[in-house]
Amino acid sequence: MDDHINHGDSKEVSQTDSRAPNESAVSLRRMSKQQIFTLISMASVNFSSMICYSILGPFFPNEAKKKGVSQTIIGLIFGCYAIFNLTASLILGKYIVQIGPKFMLISGLFVSSVCTILFGLLDRCPGMIDFIVLCFIVRSIDAVGFSAAMTSSFAIIAKVFPNNIATVVGSLEIFTGLGLIIGPPMGGILYESFGYEVPFIILGCFVLLMVPFNILVLPNLSASPTGGSLIQLFAHPKIVLLCFVVFTLSSGLAFIDATLAIFATEKFQLSAGFVGLLLIGVSLPYCLSSPLLGFASDKYPSLRKWLVVMGGIGTAAGFCLLGPTPIFHISHQLWLFVFMLTIIGFSLGMTGIPVFPEIITCAYENGFEEGLSTLGLVSGLFGAVWSSGMFFGPTFGGFITQTLSFEWASAIEGAIGFLSSFLLGTYFFYEVRWKNRLPQAAPRRVPAGERDPLLG
């Protein structure tokens, strides 16, 4: 392999990350300058990207509804973002070495910021058809930019912190959570105070400022392409099941983005600002629990698989009671609604933080070479599966909500989550049993006074 980091302290990075796996705690005093700069850069990317992504939830569905757009079309507007994100993730993950991770990340931020600003001008469209068409176009281009930023960021983190992936990802998810926490209420408050355009223009300009910042801060990474393809990576049953769990998580979150605002407004008579505060119920527990869950995943690698399963079950239970499911005959109560959002947020951390390093470990165990090419493939696959869930959630969820009700749509999301967790848990159970049944090698016995020839 010819992977290296171009920034003057590459030797220091190598020494830092060559520690044994049991010495996986990240310390600022142990980190090199490149690693510190990388953390700062990734934190800015996570925060700025998520604050822009999350501002639509509190007010865009209602704004689109005023223009005569149906719930199904609103779901498709949210869903088209995921389709283009999926396609871009697969392509960009495959060619991250040729493009360069730094260039990919900075270009993605620039495209996303411009599209956010343009999206704020769409309320000036005179007709419903024009509004819908331009929403699809701008959201689709924005998705490509977001995919470039996220695919490269995951690969960079895994490259610079090979022994601490879950710990670093979990710590950086604080900034993801902050973006998700601040975005909805800020978007709702700005919308109520200044109208539709201002939230997008302000936050789009904020992301635009992150472009020169990351040009200065982010180290350059380069590598040589290696073998392996997405088809080979996706052929392993364990990776398929892990991806199914990722799919259910992103599907559920995207379903909430597309449907919660209208349901909460009609059922609990809440304003756009209060709907934004409701979404904090998902992001705050995720933000607070992610660092601890990441540390536990790196400290006890054997625990990762069970965290993924338990988190999936918790998420599924949260969706079943979010409506709540009509067969339970539970009345709608605001405290229960908020509590289930909190359960979903915490369970998302239990599943989302360990699953990325678990997929990387599985890839290495099945013959993929260690390096930026493999990390790009894994990051691209992760982004593609996440995006497919982001398309399915609002599209299918919006259709079920319009046809039946929000309660039934939420119940179906929960049922899919239970199925994925059950299948993955069953696989892990038989995997552990199979490993325990393997014959253990008997210890070598060397007569007293003789030297073992294997020891030289």
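Just so you know, glycine gets a Cβ as well, placed from its N, Cα and C.
Bear in mind that the values here come from a model prediction, so they are computed numbers and not experimental data.
Quick look at what TrEMBL annotates:
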- 1-14: compositional bias 'Basic and acidic residues' (COMPBIAS)
- 15-25: compositional bias 'Polar residues' (COMPBIAS)
- 38-437: domain 'Major facilitator superfamily (MFS) profile' (DOMAIN)
- 1-26: region 'Disordered' (REGION)
- 36-56: transmembrane segment (TRANSMEM)
- 68-91: transmembrane segment (TRANSMEM)
- 103-122: transmembrane segment (TRANSMEM)
- 128-158: transmembrane segment (TRANSMEM)
- 165-186: transmembrane segment (TRANSMEM)
- 198-218: transmembrane segment (TRANSMEM)
- 239-264: transmembrane segment (TRANSMEM)
- 270-294: transmembrane segment (TRANSMEM)
- 306-328: transmembrane segment (TRANSMEM)
- 334-360: transmembrane segment (TRANSMEM)
- 372-396: transmembrane segment (TRANSMEM)
- 408-430: transmembrane segment (TRANSMEM)
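Within the same chain, the transmembrane segment (334-360) stays apart from the transmembrane segment (198-218): fewer than three Cβ pairs sit under 8 Å, each pair at least 6 residues apart. Three or more CB pairs closer than 8 A are found between the transmembrane segment (165-186) and the transmembrane segment (270-294), so contact between the two stretches is assigned (pairs 6 or more residues apart). Sequence-distant neighbours of the transmembrane segment (198-218) (same chain, 6+ residues past either end, Cβ-Cβ under 8 Å): 37-38, 40-41, 44-45, 48-49, 51-52, 55, 59, 102, 105-106, 109-110, 112-117, 119-121, 156, 183, 186-187, 190-191.
Comparison of 103-122, 239-264, 306-328 by number of C-beta pairs under 8 angstroms to the transmembrane segment (128-158) places 103-122 first. Under 8 Å from some Cβ of the transmembrane segment (270-294) lie the Cβ atoms of residues 54, 57-59, 62, 166-171, 173-174, 176-178, 180-181, 183-189, 191-192, 253, 256, 260-261, 264, 307, 337-339, 341-342, 344-346, 348-350, 352-354, all in the same chain and six or more residues away from its ends. Long-range Cβ contacts of the transmembrane segment (36-56) within its own chain (Cβ-Cβ under 8 Å, at least 6 residues beyond either end) map to 7, 28, 78, 105, 109, 112-113, 116, 146, 149-150, 153, 156-157, 160-161, 168, 171-173, 175-176, 178-180, 182-184, 186-187, 199-200, 203-204, 206-207, 210, 213-214, 217-219, 257, 279, 283. When the stretches 103-122, 239-264, 372-396 are ranked by Cβ pairs under 8 Å to the transmembrane segment (68-91), first place goes to 372-396. Within its own chain, the transmembrane segment (408-430) is flanked in space by residues 237-238, 241-242, 244-245, 247-249, 251-252, 255, 259, 305-306, 308-309, 312-313, 315-320, 322-327, 393, 396-398, 400-401, which lie at least six positions past its ends and keep a Cβ under 8 Å from the stretch. Model confidence over the domain 'Major facilitator superfamily (MFS) profile' (38-437) is summarised by a mean pLDDT of 82.
For the transmembrane segment (103-122), the residues of the chain that approach it from at least six positions outside its boundaries are 41, 45, 48-49, 52, 92, 96, 131, 134-135, 138-139, 141-142, 144-153, 156, 196-201, 203-208, 210-211, 214-215, 218, judged by C-beta separation under 8 angstroms.
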